[in-house]
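Per TrEMBL, active site, proton acceptor is recorded for D312. Feature annotation from TrEMBL assigns phosphoenolpyruvate binding site to K22, G94, R122, Q170, R343, R385, K410. Summarising the annotation, TrEMBL assigns 3-phosphoshikimate binding site to K22, S23, R27, S168, S169, Q170, S196, D312, N335, K339. Feature annotation from TrEMBL assigns domain 'Enolpyruvate transferase' to 12-417.
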Amino acid sequence: MHSITLGPLTSANGEIQIPGSKSLSNRILLLAALAKGTTRITNLLESDDIRHMLNALTSLGIKYTLEDANTCIVEGNGGPFNASSGDLFLGNAGTAMRPLTAALCLGKGEFLLHGEPRMHERPIGDLVESLKVLGVDINYQENDGYPPLLIKANGLSGGEVSIKGNISSQFLTAILMSAPLAQSDLTIKVEGELVSKPYIDITLHAMKQFGITVENNHYQSFFVKGQQTYQSPGEIMVEGDASSASYFLAAAAIAGGKIKVHGVGSDSVQGDVKFAEVLSAMGAKITYGPTWIEAEKDQLNGVDLDMNHIPDAAMTIATTALFANGPTRIRNIYNWRVKETDRLMAMATELKKLGATVEEGEDYIYVEPLDNVKHVAIDTYDDHRIAMCFSLVAFAHSQVTINDPGCTSKTFPTYFDLFAKITE
Ligand SMILES: O=C(O)C1=C[C@@H](OP(=O)(O)O)[C@@H](O)[C@H](O)C1
Ligand SMILES: C=C(OP(=O)(O)O)C(=O)O
């Protein structure tokens, strides 16, 4: 198996342009495809998750041109997809699988949605059950509650529907993005807790950019008018990915040095910019501009925080915690277990390999700082974020080997090249 060995490293310095946001890239591509008019998307992320969305759009008859790797011109369909059938392979991209499941219900035809083996272990039942209430015929092809799915689409009725929010916010995102194209007005009620709430703000923001306003009643219910048409904004730029920024900000906070990331800042719509607040709470020096964030080392202290609002960037705190003064507890992160891998189990297992004292709770992880890190090979479980998080261990006066570093291609194919550029 291919691996990369890093470190020992002592400093992180420089300025980095962060590649485009995965969450925004896939939302904007889908909305551009459904919208009336042509959309020129700049700073589109080039990564596996985005390629899966682009390939799906091709299969569904959407025309687009890639001017270069990060600039895509999409000819909108001005309504639901025209395709009457499709076999869509969506890898392990939640931001393709979940929103497309709902969007395909808007048209007429038969569609098979499937992905990598792990995608077939990631739940989608809460979304499917809500779509059934809206009149859609969807069947699980293997296990109840999981892809592959066979959709026999004939439009999405309006009315009222409940959706569970305690496993993934992507289910609500999926229904919200399709709702304006439903046959009549739709009220969506959120049942129980809503996890990863800031991702709903990303969804509402993207919909607004395409001309659709949603009535948001304190994230407990949403009202969307039916029979509307998304309107292309013409030109749209994807912000830098705030989750991707977390590794560089953490590197500066841990090592001697200063790093400025460009592309995300105080103006960002992404919840994961709040990662910088956690670093600041730990003691790092953080400065913001509208489109940049700068981090500088200071004495780091452990924290005990609910990080449900930043599930992806919170993973970066789990390895940053090794460098703090005192233990860290990351709370309310049960849904780490249903992402690229069981991230609570994987994080705990790999941190323990380094020699760290770790407690894996059902919905939390507790990590004690570590002075003498063992040089070990970190398994990455085909999870881009495990690979990126553990690169930070190279600052712990030891080498660290990362197995299968190519798994970062899901959201950040150039990660290890950029990391090498800013570290010594
Ligand atoms: O809507 C999105 O773009 C995302 C929502 C989050 O998932 P959950 O809502 O499943 O926590 C996040 O972890 C994922 O990487 C992207
Ligand atoms: C959970 C993630 O991805 P997905 O969009 O596939 O849910 C992630 O990128 O950390």
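Cβ atoms here come from the backbone N, Cα and C positions, even for glycine.
Mapped onto this structure are the features recorded in TrEMBL.
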{"residue": "K22", "record": "phosphoenolpyruvate binding site", "CB count, 10 Å": "26"}
{"residue": "R27", "record": "3-phosphoshikimate binding site", "CB count, 10 Å": "25"}
{"residue": "G94", "record": "phosphoenolpyruvate binding site", "CB count, 10 Å": "24"}
{"residue": "R122", "record": "phosphoenolpyruvate binding site", "CB count, 10 Å": "21"}
{"residue": "Q170", "record": "phosphoenolpyruvate binding site", "CB count, 10 Å": "24"}
{"residue": "S196", "record": "3-phosphoshikimate binding site", "CB count, 10 Å": "21"}
{"residue": "D312", "record": "active site, proton acceptor", "CB count, 10 Å": "26"}
{"residue": "N335", "record": "3-phosphoshikimate binding site", "CB count, 10 Å": "19"}
{"residue": "R343", "record": "phosphoenolpyruvate binding site", "CB count, 10 Å": "25"}
{"residue": "K410", "record": "phosphoenolpyruvate binding site", "CB count, 10 Å": "22"}
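DSSP gives K410 (phosphoenolpyruvate binding site) a helix state. Among the recorded positions G94, S169, D312, R343, R385, the residues whose Cβ lies under 6 Å from any atom of ligand 2 are, in sequence order, G94, D312, R385. Note on the binding-site residues S169, R385: the fewest other CB atoms within 10 A surround the CB of S169.
Per-residue pLDDT, averaged along the domain 'Enolpyruvate transferase' (12-417), amounts to 98 for this model.
Nothing from the recorded positions R27, D312, N335 places its Cα within 10 Å of the Cα belonging to Q170 (phosphoenolpyruvate binding site).
Candidate binding-site residues: R27, S169, Q170, S196, K410. Those with a Cβ under 6 Å from ligand 1, in sequence order, are S169, Q170, S196.
If you measure from the Cα atom of R122 (phosphoenolpyruvate binding site) to that of S169 (3-phosphoshikimate binding site), you get 13 Å.
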